[in-house]
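See below for the structure under consideration.
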Amino acid sequence: MTIAAVLTAAGSGSRLGHALPKAVVPVAGVPLVVHAARALLAARTADGASVTQLVVTAPAAHLDTVAALVGEVVDEAAADVRLDVVGGGRTRQESVAAGLAELTDDVDVVLVHDAARPFAPPALVARVVEAVRSGHAAVVPGLPVVDTIKRVGAGDGTGRPVLETVPRGDLVAVQTPQGFARDVLERAHAVGSGRGADETTAASDDAGLVEATGVRVWVVPGDERAAKVTTARDLMVAQALTTGAPA
Ligand code: CTP
Ligand code: MG
């Protein structure tokens with residue numbers, strides 16, 4: 001088994017509203033992309049397998065910065081890791097596709113992870129890899145949904161009508177890293193590439209593309225620490241949890 005990870009870090013972070021692209025915004029003085037890369041490279045399966053190729057998607061204007069930052073993480077890692085840094089696409093889906101194009105021939109398991117989930121613990125990364133290795137071609141971490149979820153219809157200017165309450169016991173909120181047999185993920189991206197150019201049609205995760213090809217996706221237990229940093233509030237929470245101090 002040869003494991004690669006595509007680390008998506010090419011987004012602008014518009015909802016975060018920071019002057020810097022989200023992936024290079026620091027928490028505890030360390031950029032999000034560095035936290036995420038460290039977790040990916042620290043993960044070990046029960047038999048000692050680890051990520052040996054790391055492909056990072058970066059904003060075009062920040063390729064050198066991201067390459068230098070993640071290069072230090074790779075240098076710190078005990079294992080021999082190949083690093084590639086590529087410019088991102090217009091959407092996350094296109095960025096992942098650009099990352100997949102860099103995989104070396106020997107890779108057979110691919111993780112896709114968001115720099116926006118900087119504190120996904122190495123044990124979660126390993127759990128996903130183990131599930132792929134056990135025979136599931138597509139694996140996502142998921143947590144139970146805590147809110148009551150309602151489907152709504154078109155609004156009338158004051159609000160939107162509830163159409164139904166979706167039974168919550170059947171729902172999970174999905175995280176990254178997501179893990180795949182390489183051939184399954186590459187095929188899903190090839191089949192779904194037409195959706196990728198536009199945020200309104202692009203897949204928001206890779207498992208969604210795999211589902212669309214008819215391959216079964218499996219959920220393993222997620223981890224609260226893999227929460228996504230989307231808003232300024234999320235960044236403050238991450239900072240407080242990491243340092244005990246407000247951002
Ligand atoms: N991403 C990417 N390429 C894009 C868009 C997003 O690599 N064209 C990455 C982001 O860097 C992030 C992950 O995909 O790590 C999840 O995306 P999201 O949380 O939406 O980040 P942004 O797109 O940067 O944020 P926003 O949507 O608020 O602009
Ligand atoms: Mg986005």
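Keep in mind that glycine also has a Cβ here, set from the backbone N, Cα and C atoms.
Over in TrEMBL, the protein carries these features:
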SITE      Arg15  site 'Transition state stabilizer'
SITE      Lys22  site 'Transition state stabilizer'
SITE      Arg168  site 'Positions MEP for the nucleophilic attack'
SITE      Lys228  site 'Positions MEP for the nucleophilic attack'
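Contacts of Lys228 (site 'Positions MEP for the nucleophilic attack') defined by a Cβ separation under 8 A and a same-chain sequence distance of 6+ are given as Asp114, Ala116, Arg117, Gln175, Asp234, in order along the sequence. Across the structure, Lys22 (site 'Transition state stabilizer') and Arg15 (site 'Transition state stabilizer') are spaced 9 Å apart at their Cα atoms. With all protein chains in the displayed structure included, the most crowded Cβ environment within 10 Å among the recorded sites Arg15, Lys22, Arg168 is that of Lys22. Among the recorded sites Arg15, Lys22, Arg168, the residues whose Cβ sits under 6 Å from any atom of ligand 1 are Arg15, Lys22.
Note: the CA-CA distance between Arg168 (site 'Positions MEP for the nucleophilic attack') and Arg15 (site 'Transition state stabilizer') rounds to 27 Å. According to DSSP, Arg15 (site 'Transition state stabilizer') is assigned to coil rather than to any helix or strand.
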